[in-house]
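J.: Feature table excerpt (TrEMBL):
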type	residues	note
DOMAIN	A:5-240	domain 'Aspartate/glutamate/uridylate kinase'
SITE	A:Lys7	site 'Transition state stabilizer'
BINDING	A:Gly39, A:Gly40, A:Arg61, A:Asn156	substrate binding site
SITE	A:Lys222	site 'Transition state stabilizer'
2 protein chains.
Amino acid sequence: MTLHILKVGGKVIDDLALLQPILESFLQKEGKKIIVHGGGKKASELSEKLGIAVQMVNGRRITDAASLEVATMVYAGLFNKQIVALLQSLGGNALGLSGADGNVILAHRRPVKEIDYGFVGDLDQVNAQAIHRLLNADFTPVFCAITHDGQGQLLNTNADTIASSLATAMSTLYEVKLYLCLDKNGVLSNPEDDASVIPSMNAADYERFKAEGIVYAGMLPKLDNAFDALRQGVKEVIICGPESVCYGGGTVIYQD
Amino acid sequence: MTLHILKVGGKVIDDLALLQPILESFLQKEGKKIIVHGGGKKASELSEKLGIAVQMVNGRRITDAASLEVATMVYAGLFNKQIVALLQSLGGNALGLSGADGNVILAHRRPVKEIDYGFVGDLDQVNAQAIHRLLNADFTPVFCAITHDGQGQLLNTNADTIASSLATAMSTLYEVKLYLCLDKNGVLSNPEDDASVIPSMNAADYERFKAEGIVYAGMLPKLDNAFDALRQGVKEVIICGPESVCYGGGTVIYQD
């Protein structure tokens, strides 16, 4: 059975009118589905309004107790429930989840070395059997980027990491396709030309594209994660944008 | 099979240290369990910090779009996930739910007559079968007071109403005991004396207590709701406080 996992983030999260056609076409896919969402700008906006300073150390954001409250409110509350209600209106039986709900994702607070990241969680375990039971009961789980440590502490976790860890963990039970929905419609061979989507890429292609400087900067960690996921059993990773989720296309990443 | 439904609200929601022993002893009960939580002061505090005016018409609070966002963030996000994470740390396999999750509670926006209450939902349907399946899968559902209309709109709904509607709907499948955890340890025969808890009350007692002025004011709608629930199949309603959930006691309301 195929399991489609869609990660959405960025501007489509801030605008339900942009998100709706994406979810609508995602629901058409044959097989089981999971959605993972990031945060959008709302959490930063809310922090600013509340006078909670965004603390950065060496370019990394720190999650103090007040920031964790904001993240929990915006990700697990506002966005998660808006997406669940939207999916329900489109006929998908969505069920919103943090890692604490049903104990589906366990994490631990990132150890303090040079930097104390605060309430940031690094993943320990995705409970694939519990998620499998929810999928079997015909729910479409919708994950926000909040996890817990099993000791009562909520933790802020990277949504991309949750998506790829879910994909890897579920690949023991399903043929998993992971869709990373970004702003552009795929990996572009020319950053100036939105139509220059590279249709597919294997590990050898990736090395060549890196050497030629065709892929660079922010796309590198995403592609590294994609190849990691493939090495760990995920069948296909698709780098796509709002339109390419809806109408096909995007860049299909495969192992070889 | 007995299903215990605990409604918590007020000051214990704002202080997890107060809530923990209540949840701990509630988890000890034999049978299935559901928790329903209200909001506490946090939503009003957050609205105030954000400069969202609390609009009252004829003594009733209006939920405009900004207030609905705050309610969704605080109830479905912060409190719901804090309670779920706390329950998980106590060994209960909690699963946080709004009415939209799994389409478990449907409501409609309250019709505008003299007053437009905004995004306030009146309940249409509790999906007892869906909740039954979650209970059978050994989850302990934790409901916040946010519902949806099935058309993508989230709605703010009274937590007491959710608790008694859940109790009524589930009583077709379970022997339901509904615990309403208030600040005092039960219905008091003397409001000045916290130890004067009336141990039990049937409909005839209630009429007599009303006539004698022993129960009055804010307790009346709660007791009316309790007797309504009993008439609709709920086995027992227990009016209790933090201590009486933990150590037994409270006022047991029964039909006759």
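Positions of Cβ are set from backbone N, Cα and C atoms, glycine also.
A TrEMBL annotation is a machine prediction, not a hand-curated record.
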J.: Of A:Lys7, A:Gly39, A:Gly40, A:Arg61, A:Asn156, which is closest to A:Lys222 (site 'Transition state stabilizer') if I measure between C-alpha atoms? They're all recorded positions.
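T.: Spatially nearest to A:Lys222 (site 'Transition state stabilizer') by Cα position is A:Lys7.
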J.: Just checking a number: largest C-alpha distance across A:Gly39, A:Gly40, A:Arg61, A:Asn156 for the substrate site, rounded to a whole Å.
T.: 15
J.: Within its own chain, what residues at least 6 apart in sequence put their Cβ under 8 Å from the Cβ of A:Asn156 (substrate binding site), listed in sequence order?
T.: A:Thr63, A:Ser67, A:Leu68, A:Ala71, A:Phe119, A:Val120, A:Gly121, A:Ala145, A:Ile146
J.: Given the recorded substrate site (A:Gly39, A:Gly40, A:Arg61, A:Asn156), which additional residues of the same chain have their Cβ within 8 Å of the Cβ centre, ordered by sequence?
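T.: For the substrate site, the extra neighbours are A:Gly38, A:Ala43, A:Ser44, A:Ala71, A:Val74, A:Tyr75, A:Ala145, A:Ala159.
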J.: Among the recorded positions listed here, A:Lys7, A:Arg61, A:Lys222, which has the most company in the form of other Cβ atoms within 10 Å of its Cβ?
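T.: That would be A:Lys7, with the highest Cβ count within 10 Å.
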J.: Can you tell me the CA-to-CA distance separating A:Gly40 (substrate binding site) and A:Lys7 (site 'Transition state stabilizer'), as a whole number of Å?
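T.: A:Gly40 (substrate binding site) to A:Lys7 (site 'Transition state stabilizer'), Cα-Cα distance: 13 Å.
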J.: Measuring Cα to Cα, tell me the gap between A:Arg61 (substrate binding site) and A:Lys7 (site 'Transition state stabilizer') in whole angstrom.
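T.: It is 21 Å, counting Cα to Cα.
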J.: Just jot down the residues in the same chain as A:Gly39 (substrate binding site), at least 6 apart in sequence, with C-beta under 8 A of its C-beta; none if empty.
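T.: In sequence order, A:Gly9, A:Ile13, A:Ala71, A:Val74, A:Tyr75, A:Phe79, A:Ala145, A:Ala159 meet the Cβ cut-off.
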